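Below is one structure, written out as structure tokens; the observations come after it.
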Amino acid sequence: MLVLGIESSCDETGVAVYDSESGLLSHALHSQIATHRVHGGVVPELASRDHVNYLVPLVDEVLTKAQIRKNQLDGIAYTAGPGLIGALLVGSCFAKSLAYALNIPALAIHHLEAHLLAAKMETPSLDFPFIALLVSGGHCQLIEVNNIGEYRLLGDTLDDAVGEAFDKTAKLMGIPYPGGAVLANLADQCLSTPYQFPRPMTDRPGLDFSFSGLKTHALNTWNQSEKKESDRSEIAKAFQQAVVETLIIKCKRAIKESQSKRLVVAGGVGANKALRSALQKWIKDIKGEVYFPALEYCTDNGAMVAYAGCLRMMRGESDGGWGVMVKPRWPLA
């Protein structure tokens, strides 16, 4: 089965072709960072317009790379939510229209489900059940994954998502958008820090997260410093250490409470070097398994949507109609 995947939930336009027999045939991505940098963050209207401009060229590109024609496609999967409503509508309208023209099924895909399954796309031997740590700019959740479509929410953020906390903390210290990755890089390059930040919500039971207080702690520390570049790096180091250790503590609890020692890390923050290293060390100590998508599949992309769509379409699923329906807010579990 050949499935075209379309991702347009926020500020990246992703398109891919996945084959149920041969795997990922091609994928392409357009990032809108340059468009939004001058505004200091994502502007929804501009994001939607950019998707309109790039969807058709990207579809042509992936079909050419895969050496297939449109009429060879068996289905089209598209992100229907959660995300920015305008951006979602662009992708869904395009997908449904193309599917209608080709007389093939279209299927709405949950953005977070696509992230959860991205590691399985590269490692088909990854079996259910597993615990997933979903860490991105919009989400920070621990999820028990028992099968495709069978999810149980174990813990969620009460305020900022972890990627959001990185970006906001960076902005508070004068690092331009998108600052989260720059902040992490400063932390990685800093050998040591005199600062010790709190590990929020680790002194009580449960698997929920909270990062807004950590962000405030970083701001206060920055304002009390001489605001030199070395101060920025040391605060970044302390902030990242606190975030990573907090995530590790919560993952330890989730694994201990579950019947599985398999952990999957999903979402853009899954590319963080310090987090990857710490999780690999811990999981090795408990003789467990940890799975990360390749860096290019951590952030939003069309490949994960095409893969999730292929899995569901092979079970006979489709939208069953041509009406367009997106869900900007769409709980996974």
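Backbone N, Cα and C define each Cβ position, glycine as well.
Remember, predicted model here, so these are calculated numbers, not experimental data.
Under a cutoff of 8 A between CB atoms, and with a sequence separation of 6+ in the same chain, the neighbours of HIS115 (Fe cation binding site) are LEU134, SER136, ALA266, GLY267, MET304. Summarising the annotation, Swiss-Prot assigns Fe cation binding site to HIS111, HIS115, ASP300.
The feature substrate binding site is assigned by Swiss-Prot to LEU134, VAL135, SER136, GLY137, GLY138, ASP167, GLY180, ASN272, with sequence analysis given as support. The Cβ of VAL135 (substrate binding site) has 28 neighbouring Cβ atoms from other residues within 10 Å, across all protein chains displayed. Secondary structure from DSSP puts VAL135 (substrate binding site) in a beta strand.
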Q) How many whole Å apart are the CA atoms of ASP300 (Fe cation binding site) and GLY180 (substrate binding site)? A) 16
Q) Which of the three DSSP-derived classes (helix, strand, coil) applies to ASP300 (Fe cation binding site)? A) coil
Q: Can you see whether DSSP assigns GLY180 (substrate binding site) to helix, strand or coil?
A: helix
Q: Enumerate the residues of the same chain, HIS111, HIS115, ASP300 excluded, that satisfy the criterion Cβ within 8 A of the mean position of the Cβ atoms of the recorded Fe cation site; list them in sequence order.
A: GLU7, SER9, THR79, LEU112, ALA114, SER136, GLY267, ASN301, MET304, VAL305
Q) DSSP three-state call for ASN272 (substrate binding site): helix, strand or coil? A) coil
Q | Recorded substrate binding residues, LEU134, VAL135, SER136, GLY137, GLY138, ASP167, GLY180, ASN272 - maximal Cα separation rounded to whole Å | A | 17
